[in-house]
C-alpha cells in the first residue's frame with residue numbers, strides 16, 4: 001500500500017481514518033495511514049523507517065513518548081498519544097484523522113518455512129486438544145461417573161466444569177495475549193495442559209476431578225488467542241494468512257468428531273488412558289514450541305507492568321465471568337432439574353442483568369482499557385457473523401451427544417462401536433476441512449456459501465430426526481447420509497465463522513476476536529444441549545423414546561437454517577476488510 005494515499009472517512013473497525021476505499025467500497029485492513037499535514041505534533045518519529053522501532057518510537061513525539069511510558073491514571077491516558085490499539089492516541093488520532101506507518105518488529109514472519117510449519121502444527125494441535133476436551137467427554141461421561149461415584153444429577157458437571165472455565169475466561173485470555181508476549185502465554189497454557197491432564201488421570205475423588213478439570217480449562221483457554229495472534233504475525237500475506245487461520249479452525253472442527261473415535265478406543269481400556277495419551281502427545285510438541293518459538297512482542301510492548309495491569313480491565317473480567325458462570329450454570333441445571341425451577345430462572349435473570357452491566361461498563365471504560373474494543377458493534381457484518389456463529393456448536397453438540405448416548409443406552413452398542421458408527425463425521429470433517437485449503441473461496445466468500453452450508457446442516461438434522469434412532473437399516477438410510485451432509489455444512493460454517501470474525505476485528509485485536517468467536521461457539525453449544533435435554537420430556541421422558549430427540553433435531557435444524565437465511569440477507573462482502581499487500585499484526 002502506498003504511503004502517500006490520503007486518509008478519508010473514519011474506519012468502523014479501528015476508529016481511525018482508513019485509506020481510500022478499495023474496489024467495492026471495502027476498507028483496507030492494513031494499519032497504514034498518513035497525516036494530511038496540519039499537525040506537527042503528530043509528525044512521524046525520526047525512526048519511522050527503522051524496522052526495529054517500537055510502537056512508542058514510531059507513534060509519539062519526544063514529549064508524548066515520555067507520557068506514553070508513564071504510569072498515569074486512566075483519565076489522563078485519554079489524552080496520551082501512542083498506538084490506537086492500546087487506547088493511548090485513539091482520541092487524538094480520531095480528532096486529527098491521521099496516523100503513521102506501523103513497523104512493529106515481527107520475529108515470526110522472518111522464520112523459515114519449515115520452522116513456521118512446525119509452529120503451526122503446534123498451534124493446531126493445541127486447538128484440537130482444547131476442543132477435544134469437550135467432545136471426547138460426550139462418550140466418557142458415563143464411565144467417569146461410574147468410576148468416581150458421581151450421582152446422576154451431577155454428571156453434567158463432568159463436562160460442565162471444563163466448558164464453564166473455558167468459556168468464561170476466553171476474553172480475558174485474549175486480553176493477556178494482546179498485553180503480554182503471546183509466546184509466553186501460549187507456552188504456559190500448553191505445558192500446563194499436559195501436567196494437569198496427567199494429574200487428572202490418577203484422580204479417584206470426584207470433587208478433585210471437577211476442580212482439576214476446571215483448571216485444565218483455564219490453561220487450555222490460554223493457547224487459543226495467543227495462537228491466533230502468532231499465526232497472524234507469522235503469515236502477514238493476506239491470502240496465506242486466511243488459509244492458515246482456516247487450517248487452525250479446521251483443527252478445532254476435526255476435534256468435534258475425531259475425538260469421539262479416540263475416546264471410544266481408549267475406553268476399551270480405561271478413561272484414564274485418554275488423559276495420559278493427551279499428555280504423551282503434548283509433551284514433545286511443547287518442547288518443540290519452547291525451543292523453536294522466537295521471542296514475540298505484545299501489542300503493548302512498551303508499557304510498564306503497572307500500566308499493563310490497569311489495561312486488563314479486571315472489573316470487566318469479573319462481571320463477564322459472573323455472567324457466563326451463572327448463564328451456563330442455569331442452562332446446565334435446567335437439563336437436570338427442569339426449566340421451571342429456581343436453579344434455572346434465578347441464574348438466567350441475574351446473568352442477563354450482568355450482561356447489561358458488562359456492556360455499560362465496557363462503554364464507559366477509557367479507550368484501551370476495556371476488555372472489548374469500543375467500536376466492536378460497528379465492525380463490518382458483526383451481527384450476522386455473531387448469529388451464524390452461535391448456531392454451529394449447537395448443531396454439532398446436539399448431533400453428537402444425543403446420537404452417542406442413544407447408541408450406547410438404547411441400542412446397547414459398546415463405546416468403540418458407537419465411535420465407529422460416528423466415524424463418517426470424522427472422515428467428512430477431514431475431507432471438507434482439507435478442501436477449504438484448495439478452495440479458499442469456501443471461506444473467503446461467505447455470503448452464499450454460508451447459507452448453503454446451513455442448508456446442509458438442516459438436511460442432516462432432518463435425516464437424524466426421521467431416523468428413529470438409527471437402528472438396523474435406518475442407520476444407513478438416515479444416520480449415515482445425515483452425518484455426511486450435516487458435517488460437511490457444519491465444517492464450512494465453523495471454519496468460515498472462526499476466520500471471518502477474527503478478520504472482522506482490527507489486526508491489533510486478533511486475540512480478542514478469536515476469543516469472542518469461541519465464546520459464541522461455547523454458549524451456543526451449552527444452550528443447544530440444555531434445550532435438547534429439556535425436549536426429551538416431549539416424549540415419554542426416557543432416552544429410549546426417540547420423540548424427544550426428534551423434536552430437538554427439528555429445533556437445531558430450524559435454528560441453523562434461520563441463521564443462514566439472515567446471513568444471506570444481511571451480510572455484505574463489500575464491507576469486509578480489503579488487503580493491499582502484507583499486513584502486520586500489532
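Just so it is clear, glycine is given a Cβ too, placed from its N, Cα and C backbone atoms.
Keep in mind that TrEMBL annotations are predicted by a computer and have not been checked by a curator.
Per TrEMBL, the feature compositional bias 'Polar residues' maps to 21-33.
The domain 'Major facilitator superfamily (MFS) profile' annotation in TrEMBL covers 119-575.
Feature annotation from TrEMBL assigns region 'Disordered' to 1-54 (among others).
Residues annotated as region 'Disordered' in TrEMBL: 68-106 (among others).
Long-range neighbours of the transmembrane segment (118-144) within the same chain, counting only residues 6 or more positions beyond its ends whose Cβ lies under 8 Å from a Cβ of the stretch, are 108, 111, 150, 155, 158-159, 162-163, 166, 186, 189-190, 193, 209, 216-217, 220-221, 223-224, 227, 230-231, 234, 244, 247-260, 262-264, 267, 270-271, 274, 278, 281-282, 285-286, 288-289, 292-293, 396-397, 400-401, 404-405, 408, 415, 418-419, 525. The transmembrane segment annotation in TrEMBL covers 118-144 (among others).
Within the same chain, residues 130, 133-134, 137-138, 140-141, 144-145, 150, 185, 209-211, 213-218, 220-222, 224-226, 312, 317, 320-321, 324-325, 328-329, 332-333, 335-336, 371-372, 511-512, 515-516, 518-519, 522-523, 525-526 sit at least 6 positions outside the transmembrane segment (156-173) and bring their C-beta atoms closer than 8 Å to a C-beta of that stretch. Positions annotated as transmembrane segment by TrEMBL: 156-173 (among others).
Summarising the annotation, TrEMBL assigns transmembrane segment to 185-204 (among others). Counting residues 6+ beyond its ends, the transmembrane segment (185-204) has Cβ neighbours under 8 Å at 122-123, 126, 129, 148, 173, 176-177, 212-213, 215-216, 219-223, 225-227, 230, 272-273, 275-276, 278-279, 282-283, 285-286, 289-290, 293 in the same chain.
Beyond its flanks by at least six residues, the transmembrane segment (210-232) meets 108, 119-120, 123, 126-127, 129-130, 133, 157-158, 161-166, 169-170, 173-174, 176-178, 182-183, 185-186, 188-190, 192-193, 196-197, 199-200, 203, 241, 244-245, 248, 293, 296, 502, 507, 510-515, 518, 585 of its own chain at Cβ-Cβ distances under 8 Å. Positions annotated as transmembrane segment by TrEMBL: 210-232 (among others).
Tertiary neighbourhood of the transmembrane segment (273-293): same-chain residues 115, 118-119, 121-122, 125, 129, 132, 136, 140, 183, 186-187, 190-191, 193-195, 197-198, 200-201, 230, 262-263, 266-267, selected by CB-CB distance under 8 Å and a gap of 6+ residues from either end. The annotation transmembrane segment is assigned in TrEMBL to 273-293 (among others).
Summarising the annotation, TrEMBL assigns transmembrane segment to 314-336 (among others).
Positions annotated as transmembrane segment by TrEMBL: 342-361 (among others). Listed as Cβ neighbours of the transmembrane segment (342-361) (distance under 8 Å, sequence separation of 6 or more from its ends, same chain) are residues 315-316, 319-320, 322-324, 326-327, 329-331, 333-334, 370.
Here TrEMBL flags 382-403 (among others) as transmembrane segment. Proximity of distant same-chain residues to the transmembrane segment (382-403), defined by a Cβ-Cβ separation under 8 Å and at least 6 residues beyond the stretch ends, is recorded for 134-135, 138, 256-257, 260, 376, 422, 425, 450, 454, 457, 460-461, 464, 470, 479, 483, 486, 490, 493-494, 497-498, 500-501, 504, 517, 520-525, 527-529, 532, 549, 552-553, 556-557, 559-560, 563-564, 566-567, 570-571.
The transmembrane segment feature in TrEMBL is assigned to 415-436 (among others).
Long-range neighbours of the transmembrane segment (448-466) within the same chain, counting only residues 6 or more positions beyond its ends whose Cβ lies under 8 Å from a Cβ of the stretch, are 388, 391-392, 395, 399, 403, 441-442, 478-479, 481-490, 492-493, 496-497, 549-551, 553-554, 556-558, 560-561, 563-565, 567-568, 571. Sequence annotations record features per position, and here TrEMBL assigns transmembrane segment to 448-466 (among others).
Away from its own ends, the transmembrane segment (509-533) comes close to residues 85, 134, 163, 166-167, 170-171, 173-175, 177-178, 182, 221, 224-229, 232, 324, 327-328, 331-332, 334-336, 371-373, 386, 389-398, 401-402, 494, 497-498, 501-503, 549, 552, 555-556, 585 of its chain (Cβ-Cβ under 8 Å, at least six residues beyond either end). Residues or ranges marked as transmembrane segment in TrEMBL: 509-533 (among others).
Sequence-distant contacts of the transmembrane segment (553-571), counting only residues of its own chain at least 6 positions beyond either end whose CB sits under 8 Å from a CB of the stretch, comprise 381, 383-385, 387-388, 390-392, 394-395, 398-399, 446-448, 450-455, 457-458, 460-462, 464-465, 493, 528, 531-532, 535. Positions annotated as transmembrane segment by TrEMBL: 553-571 (among others).
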